[in-house]
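Engineer: Per TrEMBL, domain 'Neurotransmitter-gated ion-channel ligand-binding' is recorded for 32-236. Look at TrEMBL and you will find 244-362, 366-441 tagged as domain 'Neurotransmitter-gated ion-channel transmembrane'. Residues annotated as signal peptide in TrEMBL: 1-23. Annotated transmembrane segment per TrEMBL: 239-263, 269-290, 302-323, 425-443, in sequence order.
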Amino acid sequence: SPGSRHSLYVGLTLSFLIKLVTCRCAHGKYAQKLLKDLFTNYTSALRPVEDTNNILNVTLQVTLSQIIDMDERNQILTAYLWIRQVWVDAYLKWNKDDYDGLDTIRIPSSYVWRPDIVLYNNADDHFTGSMDTNVVIRHDGQIMWDSPAITKSSCKVDVSFFPFDAQQCRFTYGSWTYNGNQLDILNALESADLADLVENVEWEILGMPAKKNIIQYGCCADPYPDVTYTLKLKRKASFYIFNLLIPCVMISFLAPLGFYLPADSGEKVSLGVTVMLALTVFQLLVAEIMPPSENVPLIGKYYIATMTMITASTALTIFIMNIHHCGPDAKPVPKWAKKVILQYMARMCFVYEVGENCMSPQPEKQEPPTVKNNCTMNGQAGTCREDCRQLLRNIEYIANCYRDQRATQKRTGEWKKVAKVLDRFFMWIFFIMVFFMSLLIMGKAI
(Lines of atoms letter the chains of each structure in order from A; the text may use other names.)
(Lines give C-alpha, C1' and ligand atoms only; values in the text may rest on other atoms or scores of the structure.)
Protein backbone atom coordinates (compact mmCIF):
# COMPACT_ATOMS: atom_id res chain seq x y z
CA SER A 1 0.00 0.00 0.00
CA PRO A 2 1.18 3.66 -0.42
CA GLY A 3 1.44 4.12 3.33
CA SER A 4 3.69 1.10 3.81
CA ARG A 5 5.97 2.14 0.94
CA HIS A 6 6.30 5.60 2.45
CA SER A 7 7.18 4.14 5.85
CA LEU A 8 9.80 1.89 4.23
CA TYR A 9 11.38 4.84 2.40
CA VAL A 10 11.59 6.89 5.58
CA GLY A 11 13.15 4.00 7.44
CA LEU A 12 15.83 3.45 4.81
CA THR A 13 16.68 7.16 4.74
CA LEU A 14 17.08 7.30 8.51
CA SER A 15 19.23 4.19 8.45
CA PHE A 16 21.52 5.71 5.79
CA LEU A 17 21.89 8.96 7.69
CA ILE A 18 22.75 7.13 10.89
CA LYS A 19 25.44 5.09 9.13
CA LEU A 20 26.84 8.20 7.49
CA VAL A 21 27.09 10.07 10.78
CA THR A 22 28.61 7.03 12.44
CA CYS A 23 31.17 6.69 9.62
CA ARG A 24 32.13 10.35 9.83
CA CYS A 25 32.51 10.15 13.56
CA ALA A 26 34.70 7.10 13.14
CA HIS A 27 36.84 8.80 10.52
CA GLY A 28 37.20 11.87 12.71
CA LYS A 29 38.17 9.67 15.60
CA TYR A 30 40.79 7.82 13.54
CA ALA A 31 42.14 11.08 12.07
CA GLN A 32 42.72 12.48 15.55
CA LYS A 33 44.38 9.25 16.62
CA LEU A 34 46.58 9.26 13.47
CA LEU A 35 47.61 12.89 14.01
CA LYS A 36 48.56 12.11 17.59
CA ASP A 37 50.52 8.99 16.64
CA LEU A 38 52.41 10.70 13.78
CA PHE A 39 53.54 13.77 15.67
CA THR A 40 54.35 12.24 19.06
CA ASN A 41 58.11 12.24 18.50
CA TYR A 42 58.18 14.30 15.27
CA THR A 43 60.21 17.46 14.77
CA SER A 44 59.89 19.88 11.87
CA ALA A 45 63.37 21.29 12.36
CA LEU A 46 65.33 18.43 10.79
CA ARG A 47 65.40 17.03 7.28
CA PRO A 48 63.03 14.02 7.26
CA VAL A 49 65.35 11.24 6.06
CA GLU A 50 66.26 7.99 7.79
CA ASP A 51 69.91 8.34 6.83
CA THR A 52 71.54 11.77 6.83
CA ASN A 53 73.59 10.75 3.78
CA ASN A 54 70.44 10.26 1.71
CA ILE A 55 69.35 12.97 -0.71
CA LEU A 56 65.81 14.26 -0.32
CA ASN A 57 64.12 14.80 -3.69
CA VAL A 58 61.66 17.68 -4.02
CA THR A 59 59.50 17.87 -7.15
CA LEU A 60 58.62 21.43 -8.13
CA GLN A 61 55.74 22.48 -10.36
CA VAL A 62 54.78 26.10 -11.13
CA THR A 63 51.47 27.25 -12.55
CA LEU A 64 51.31 30.77 -13.96
CA SER A 65 47.92 32.27 -13.16
CA GLN A 66 48.31 35.95 -14.04
CA ILE A 67 50.80 38.63 -14.98
CA ILE A 68 49.88 41.49 -12.71
CA ASP A 69 52.36 44.15 -13.80
CA MET A 70 55.51 44.67 -15.82
CA ASP A 71 57.42 47.71 -14.59
CA GLU A 72 59.86 48.42 -17.42
CA ARG A 73 61.37 51.45 -15.72
CA ASN A 74 62.31 49.55 -12.53
CA GLN A 75 62.63 46.20 -14.35
CA ILE A 76 60.33 44.31 -11.99
CA LEU A 77 57.77 41.67 -13.02
CA THR A 78 54.84 41.04 -10.69
CA ALA A 79 53.12 37.68 -11.24
CA TYR A 80 50.57 35.47 -9.50
CA LEU A 81 51.81 31.86 -9.27
CA TRP A 82 50.62 28.55 -7.88
CA ILE A 83 53.58 26.59 -6.53
CA ARG A 84 53.37 22.85 -5.87
CA GLN A 85 56.12 21.05 -3.93
CA VAL A 86 56.08 17.29 -3.46
CA TRP A 87 58.49 15.27 -1.28
CA VAL A 88 58.52 12.15 0.88
CA ASP A 89 58.73 12.41 4.65
CA ALA A 90 60.19 9.20 6.03
CA TYR A 91 58.63 9.77 9.46
CA LEU A 92 55.04 10.41 8.35
CA LYS A 93 53.98 6.97 7.15
CA TRP A 94 51.23 4.70 8.42
CA ASN A 95 49.29 1.60 7.59
CA LYS A 96 45.90 2.78 6.43
CA ASP A 97 44.25 -0.47 7.52
CA ASP A 98 45.06 0.42 11.11
CA TYR A 99 43.08 3.64 10.76
CA ASP A 100 39.92 2.43 9.09
CA GLY A 101 41.29 2.90 5.55
CA LEU A 102 42.30 6.53 6.10
CA ASP A 103 44.89 7.19 3.38
CA THR A 104 45.28 11.01 3.43
CA ILE A 105 45.08 13.79 5.96
CA ARG A 106 45.26 17.58 5.57
CA ILE A 107 47.01 19.55 8.25
CA PRO A 108 48.63 23.03 8.51
CA SER A 109 51.98 23.20 6.75
CA SER A 110 53.66 24.58 9.86
CA TYR A 111 53.33 21.14 11.49
CA VAL A 112 55.74 19.44 9.09
CA TRP A 113 59.22 20.03 7.75
CA ARG A 114 59.18 22.15 4.58
CA PRO A 115 61.97 22.70 2.07
CA ASP A 116 63.39 26.21 2.12
CA ILE A 117 62.95 26.73 -1.64
CA VAL A 118 62.89 30.43 -2.42
CA LEU A 119 62.89 32.67 -5.49
CA TYR A 120 66.51 33.66 -6.01
CA ASN A 121 65.79 36.78 -8.08
CA ASN A 122 63.19 38.11 -5.69
CA ALA A 123 62.74 41.90 -5.91
CA ASP A 124 60.09 42.33 -3.21
CA ASP A 125 60.82 44.81 -0.45
CA HIS A 126 59.22 42.64 2.21
CA PHE A 127 60.45 39.24 0.96
CA THR A 128 57.05 37.64 1.38
CA GLY A 129 57.04 33.96 0.43
CA SER A 130 54.29 31.48 -0.26
CA MET A 131 51.07 31.41 1.73
CA ASP A 132 50.91 29.00 4.69
CA THR A 133 48.27 26.65 3.30
CA ASN A 134 47.55 23.08 4.37
CA VAL A 135 49.61 20.16 3.20
CA VAL A 136 48.21 16.83 2.01
CA ILE A 137 49.96 13.80 3.57
CA ARG A 138 49.50 10.35 2.07
CA HIS A 139 49.90 7.09 3.95
CA ASP A 140 53.19 6.34 2.12
CA GLY A 141 54.77 9.55 3.45
CA GLN A 142 54.34 11.66 0.32
CA ILE A 143 53.60 15.31 1.15
CA MET A 144 52.07 17.69 -1.38
CA TRP A 145 52.10 21.38 -0.61
CA ASP A 146 50.15 23.71 -2.91
CA SER A 147 50.49 27.40 -2.13
CA PRO A 148 49.67 30.56 -4.09
CA ALA A 149 52.19 33.37 -4.20
CA ILE A 150 52.41 36.90 -5.63
CA THR A 151 56.03 37.30 -6.65
CA LYS A 152 58.06 40.34 -7.65
CA SER A 153 61.07 39.22 -9.61
CA SER A 154 63.84 41.16 -11.29
CA CYS A 155 63.67 41.03 -15.08
CA LYS A 156 66.19 42.52 -17.49
CA VAL A 157 64.14 44.54 -19.97
CA ASP A 158 65.53 45.26 -23.43
CA VAL A 159 63.57 48.11 -25.01
CA SER A 160 65.58 48.38 -28.23
CA PHE A 161 62.55 47.46 -30.35
CA PHE A 162 59.82 49.08 -28.24
CA PRO A 163 56.85 48.89 -28.84
CA PHE A 164 57.48 45.76 -30.95
CA ASP A 165 59.73 44.11 -28.39
CA ALA A 166 59.81 40.65 -26.80
CA GLN A 167 61.07 39.99 -23.28
CA GLN A 168 62.35 36.99 -21.35
CA CYS A 169 61.91 36.99 -17.58
CA ARG A 170 63.39 34.25 -15.43
CA PHE A 171 62.11 32.69 -12.20
CA THR A 172 64.93 30.81 -10.46
CA TYR A 173 63.91 28.55 -7.57
CA GLY A 174 66.34 26.78 -5.32
CA SER A 175 67.10 25.84 -1.72
CA TRP A 176 68.68 28.60 0.31
CA THR A 177 70.66 26.44 2.75
CA TYR A 178 70.64 22.82 1.51
CA ASN A 179 73.18 21.83 -1.11
CA GLY A 180 72.76 19.24 -3.82
CA ASN A 181 74.02 16.44 -1.58
CA GLN A 182 71.19 17.05 0.87
CA LEU A 183 68.26 18.24 -1.27
CA ASP A 184 67.69 17.84 -4.97
CA ILE A 185 65.06 19.69 -7.02
CA LEU A 186 63.27 17.93 -9.87
CA ASN A 187 61.02 19.27 -12.61
CA ALA A 188 57.48 17.98 -12.52
CA LEU A 189 56.90 19.18 -16.11
CA GLU A 190 59.09 20.46 -18.91
CA SER A 191 57.39 23.84 -18.65
CA ALA A 192 55.11 25.74 -16.33
CA ASP A 193 51.39 25.04 -16.46
CA LEU A 194 49.54 27.75 -18.42
CA ALA A 195 46.10 26.11 -18.50
CA ASP A 196 44.56 28.54 -16.00
CA LEU A 197 46.31 31.66 -17.25
CA VAL A 198 44.37 34.92 -17.18
CA GLU A 199 45.08 36.76 -20.44
CA ASN A 200 47.05 39.97 -20.08
CA VAL A 201 45.97 43.08 -22.00
CA GLU A 202 49.53 44.17 -22.82
CA TRP A 203 51.60 41.00 -23.02
CA GLU A 204 51.18 37.80 -25.00
CA ILE A 205 52.56 34.66 -23.31
CA LEU A 206 54.63 32.58 -25.74
CA GLY A 207 55.71 29.92 -23.26
CA MET A 208 57.44 29.23 -19.96
CA PRO A 209 59.94 26.37 -20.29
CA ALA A 210 61.73 24.96 -17.26
CA LYS A 211 65.38 24.00 -16.99
CA LYS A 212 67.33 22.45 -14.15
CA ASN A 213 70.75 23.89 -13.37
CA ILE A 214 73.49 22.70 -11.05
CA ILE A 215 75.70 25.62 -10.04
CA GLN A 216 78.81 25.59 -7.92
CA TYR A 217 79.32 28.95 -6.28
CA GLY A 218 82.68 30.40 -5.34
CA CYS A 219 81.84 30.47 -1.66
CA CYS A 220 81.04 26.78 -1.33
CA ALA A 221 82.48 23.52 -2.62
CA ASP A 222 79.14 21.72 -2.83
CA PRO A 223 76.83 22.01 -5.86
CA TYR A 224 73.51 23.83 -5.55
CA PRO A 225 70.71 22.75 -7.89
CA ASP A 226 67.98 25.12 -9.02
CA VAL A 227 65.08 25.20 -11.49
CA THR A 228 64.77 28.19 -13.80
CA TYR A 229 61.50 29.02 -15.53
CA THR A 230 61.92 31.36 -18.50
CA LEU A 231 58.78 33.37 -19.20
CA LYS A 232 58.70 34.45 -22.85
CA LEU A 233 56.63 37.57 -23.46
CA LYS A 234 55.70 39.52 -26.56
CA ARG A 235 54.23 42.99 -26.27
CA LYS A 236 50.85 43.73 -27.84
CA ALA A 237 51.67 46.91 -29.71
CA SER A 238 48.16 48.01 -30.71
CA PHE A 239 47.85 50.49 -27.83
CA TYR A 240 51.15 52.18 -28.63
CA ILE A 241 50.52 52.18 -32.38
CA PHE A 242 47.24 54.07 -32.03
CA ASN A 243 48.31 56.39 -29.21
CA LEU A 244 51.97 57.15 -29.91
CA LEU A 245 52.98 56.02 -33.38
CA ILE A 246 50.11 57.01 -35.69
CA PRO A 247 49.79 60.57 -34.23
CA CYS A 248 53.54 61.00 -34.69
CA VAL A 249 53.35 59.84 -38.32
CA MET A 250 50.46 62.22 -39.02
CA ILE A 251 52.34 65.12 -37.42
CA SER A 252 55.45 64.22 -39.41
CA PHE A 253 53.57 64.56 -42.67
CA LEU A 254 52.74 68.14 -41.72
CA ALA A 255 56.41 69.12 -41.75
CA PRO A 256 56.89 68.98 -45.57
CA LEU A 257 53.69 70.99 -46.06
CA GLY A 258 55.52 73.95 -44.56
CA PHE A 259 57.33 74.25 -47.89
CA TYR A 260 53.96 74.49 -49.69
CA LEU A 261 52.79 77.48 -47.69
CA PRO A 262 53.13 80.82 -49.52
CA ALA A 263 56.18 82.73 -48.40
CA ASP A 264 54.11 85.87 -47.81
CA SER A 265 51.78 84.10 -45.37
CA GLY A 266 54.26 84.47 -42.49
CA GLU A 267 53.38 81.03 -41.03
CA LYS A 268 56.06 78.84 -42.58
CA VAL A 269 58.45 78.93 -39.63
CA SER A 270 55.60 78.86 -37.10
CA LEU A 271 54.34 75.57 -38.56
CA GLY A 272 57.76 73.93 -38.22
CA VAL A 273 58.17 75.09 -34.63
CA THR A 274 54.66 73.87 -33.72
CA VAL A 275 55.34 70.42 -35.18
CA MET A 276 58.63 70.29 -33.29
CA LEU A 277 56.90 71.05 -29.98
CA ALA A 278 54.24 68.39 -30.63
CA LEU A 279 56.89 65.73 -31.26
CA THR A 280 58.76 66.82 -28.13
CA VAL A 281 55.63 66.08 -26.06
CA PHE A 282 55.43 62.55 -27.50
CA GLN A 283 59.14 62.04 -26.89
CA LEU A 284 58.68 62.94 -23.22
CA LEU A 285 55.79 60.47 -22.91
CA VAL A 286 58.00 57.66 -24.19
CA ALA A 287 60.89 58.68 -21.95
CA GLU A 288 58.68 58.48 -18.84
CA ILE A 289 57.84 54.80 -19.29
CA MET A 290 61.22 53.59 -20.54
CA PRO A 291 64.10 52.62 -18.24
CA PRO A 292 67.19 54.84 -18.35
CA SER A 293 69.28 52.69 -20.65
CA GLU A 294 71.87 53.03 -23.37
CA ASN A 295 69.55 51.19 -25.75
CA VAL A 296 67.32 53.79 -27.38
CA PRO A 297 63.83 52.43 -28.20
CA LEU A 298 62.86 52.08 -31.84
CA ILE A 299 60.05 54.60 -31.49
CA GLY A 300 62.49 56.98 -29.78
CA LYS A 301 64.83 56.71 -32.76
CA TYR A 302 61.90 57.48 -35.02
CA TYR A 303 61.04 60.57 -32.97
CA ILE A 304 64.64 61.78 -33.00
CA ALA A 305 64.96 61.25 -36.75
CA THR A 306 61.68 63.07 -37.36
CA MET A 307 62.67 65.97 -35.11
CA THR A 308 66.03 66.21 -36.90
CA MET A 309 64.22 66.32 -40.22
CA ILE A 310 61.86 69.04 -38.98
CA THR A 311 64.80 71.05 -37.67
CA ALA A 312 66.45 70.80 -41.09
CA SER A 313 63.20 71.75 -42.84
CA THR A 314 62.77 74.81 -40.62
CA ALA A 315 66.35 75.91 -41.30
CA LEU A 316 65.82 75.45 -45.05
CA THR A 317 62.55 77.38 -44.84
CA ILE A 318 64.38 80.34 -43.29
CA PHE A 319 67.02 80.15 -46.03
CA ILE A 320 64.39 80.01 -48.79
CA MET A 321 62.43 82.90 -47.29
CA ASN A 322 65.64 84.92 -47.42
CA ILE A 323 65.86 84.19 -51.14
CA HIS A 324 62.19 85.02 -51.66
CA HIS A 325 62.47 88.42 -50.03
CA CYS A 326 65.50 89.58 -51.99
CA GLY A 327 65.16 93.35 -52.45
CA PRO A 328 65.77 95.48 -55.54
CA ASP A 329 69.45 95.74 -54.64
CA ALA A 330 69.95 92.00 -55.02
CA LYS A 331 72.35 90.66 -57.61
CA PRO A 332 70.92 88.93 -60.69
CA VAL A 333 70.34 85.19 -60.57
CA PRO A 334 73.52 83.39 -61.70
CA LYS A 335 73.50 81.64 -65.03
CA TRP A 336 73.99 78.18 -63.52
CA ALA A 337 71.02 78.80 -61.20
CA LYS A 338 68.87 79.89 -64.13
CA LYS A 339 69.77 76.75 -66.03
CA VAL A 340 69.63 74.22 -63.17
CA ILE A 341 66.87 75.65 -60.98
CA LEU A 342 64.66 77.73 -63.27
CA GLN A 343 64.75 75.27 -66.16
CA TYR A 344 65.39 71.65 -65.11
CA MET A 345 64.25 71.69 -61.47
CA ALA A 346 61.22 73.87 -62.26
CA ARG A 347 60.03 71.30 -64.80
CA MET A 348 60.72 68.43 -62.42
CA CYS A 349 58.72 70.10 -59.64
CA PHE A 350 55.97 71.39 -62.01
CA VAL A 351 56.53 75.05 -61.17
CA TYR A 352 55.32 77.40 -63.92
CA GLU A 353 54.38 81.04 -64.15
CA VAL A 354 50.80 82.21 -64.60
CA GLY A 355 49.69 81.36 -68.14
CA GLU A 356 52.69 79.07 -68.66
CA ASN A 357 52.42 75.30 -68.97
CA CYS A 358 54.72 72.43 -69.63
CA MET A 359 54.06 72.49 -73.40
CA SER A 360 54.64 76.15 -74.29
CA PRO A 361 57.45 78.32 -72.97
CA GLN A 362 56.79 81.69 -71.42
CA PRO A 363 56.81 84.46 -74.11
CA GLU A 364 59.31 87.22 -73.62
CA LYS A 365 57.82 90.58 -72.72
CA GLN A 366 58.64 93.35 -75.14
CA GLU A 367 60.52 96.37 -73.93
CA PRO A 368 59.12 99.82 -74.76
CA PRO A 369 60.62 101.37 -77.86
CA THR A 370 63.56 103.67 -77.43
CA VAL A 371 62.74 107.28 -78.01
CA LYS A 372 64.97 108.76 -80.67
CA ASN A 373 65.62 112.45 -81.19
CA ASN A 374 64.02 113.22 -84.58
CA CYS A 375 63.55 116.90 -83.97
CA THR A 376 64.89 118.96 -86.87
CA MET A 377 65.57 122.55 -86.79
CA ASN A 378 64.23 124.77 -89.41
CA GLY A 379 63.21 128.29 -89.56
CA GLN A 380 59.61 127.72 -88.61
CA ALA A 381 60.37 125.43 -85.65
CA GLY A 382 63.38 127.28 -84.31
CA THR A 383 61.37 128.94 -81.62
CA CYS A 384 60.37 125.60 -80.03
CA ARG A 385 63.82 124.03 -80.06
CA GLU A 386 64.43 124.26 -76.38
CA ASP A 387 60.95 123.00 -75.53
CA CYS A 388 61.39 120.00 -77.82
CA ARG A 389 64.72 119.03 -76.26
CA GLN A 390 63.30 119.32 -72.76
CA LEU A 391 60.36 117.15 -73.74
CA LEU A 392 62.62 114.51 -75.23
CA ARG A 393 64.80 114.44 -72.11
CA ASN A 394 61.73 113.95 -69.97
CA ILE A 395 60.44 111.15 -72.16
CA GLU A 396 63.86 109.47 -72.16
CA TYR A 397 64.05 109.75 -68.36
CA ILE A 398 60.63 108.14 -68.02
CA ALA A 399 61.63 105.35 -70.40
CA ASN A 400 64.85 104.70 -68.48
CA CYS A 401 62.95 104.59 -65.18
CA TYR A 402 60.49 102.18 -66.72
CA ARG A 403 63.31 99.97 -68.00
CA ASP A 404 65.02 100.03 -64.60
CA GLN A 405 61.77 99.17 -62.88
CA ARG A 406 61.12 96.31 -65.28
CA ALA A 407 64.66 95.01 -64.80
CA THR A 408 64.28 95.19 -61.01
CA GLN A 409 60.90 93.41 -61.18
CA LYS A 410 62.35 90.75 -63.44
CA ARG A 411 65.33 90.21 -61.13
CA THR A 412 63.07 90.05 -58.06
CA GLY A 413 60.66 87.73 -59.87
CA GLU A 414 63.49 85.39 -60.80
CA TRP A 415 64.64 85.17 -57.18
CA LYS A 416 61.04 84.49 -56.08
CA LYS A 417 60.76 81.74 -58.65
CA VAL A 418 64.05 80.28 -57.43
CA ALA A 419 62.61 80.25 -53.90
CA LYS A 420 59.38 78.64 -55.14
CA VAL A 421 61.24 75.92 -57.03
CA LEU A 422 63.39 75.17 -53.99
CA ASP A 423 60.24 75.03 -51.85
CA ARG A 424 58.64 72.44 -54.12
CA PHE A 425 61.86 70.48 -54.46
CA PHE A 426 62.45 70.17 -50.71
CA MET A 427 58.75 69.46 -50.14
CA TRP A 428 58.94 66.34 -52.30
CA ILE A 429 62.28 65.31 -50.81
CA PHE A 430 60.94 65.54 -47.25
CA PHE A 431 57.69 63.79 -48.21
CA ILE A 432 59.72 60.85 -49.53
CA MET A 433 61.86 60.81 -46.37
CA VAL A 434 58.81 60.82 -44.07
CA PHE A 435 57.16 58.10 -46.16
CA PHE A 436 60.15 55.74 -46.00
CA MET A 437 60.70 56.41 -42.30
CA SER A 438 57.06 55.64 -41.57
CA LEU A 439 57.22 52.56 -43.78
CA LEU A 440 60.27 51.34 -41.88
CA ILE A 441 58.68 51.77 -38.44
CA MET A 442 55.38 50.23 -39.56
CA GLY A 443 57.22 47.30 -41.10
CA LYS A 444 58.32 46.27 -37.61
CA ALA A 445 54.68 45.81 -36.64
CA ILE A 446 54.04 43.23 -39.38
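The backbone N, Cα and C atoms fix where each Cβ goes, and this holds for glycine too.
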Engineer: Across the whole of the domain 'Neurotransmitter-gated ion-channel ligand-binding' (32-236), what does the mean pLDDT come to? Round it, please.
Structural biologist: 91
Engineer: Where DSSP helix means H, G or I and strand means E or B, what are the helix, strand and coil counts for the domain 'Neurotransmitter-gated ion-channel transmembrane' (244-362)?
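Structural biologist: For the domain 'Neurotransmitter-gated ion-channel transmembrane' (244-362), the helix, strand and coil counts are 79 helix, 0 strand, 40 coil.
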Engineer: So if I exclude everything within five residues of the ends of the transmembrane segment (269-290), which remaining residues of that chain have a CB under 8 angstroms from its CBs? That is, six or more out.
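Structural biologist: Result: 72-73, 159, 162, 244, 247-248, 251-252, 254-255, 257-258, 261, 297, 299-300, 303-304, 306-307, 310-311, 313-314, 317-318, 321.
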Engineer: If we skip the immediate neighbours and take only residues 6+ beyond the ends of the transmembrane segment (302-323), which ones have a Cβ under 8 Å from one of its Cβ atoms?
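Structural biologist: Answer is 245, 248, 252, 255-256, 258-259, 263, 268-269, 272-273, 275-276, 279-280, 282-283, 286, 296, 415, 418-419, 422-423, 426, 430, 433-434, 437, 441.
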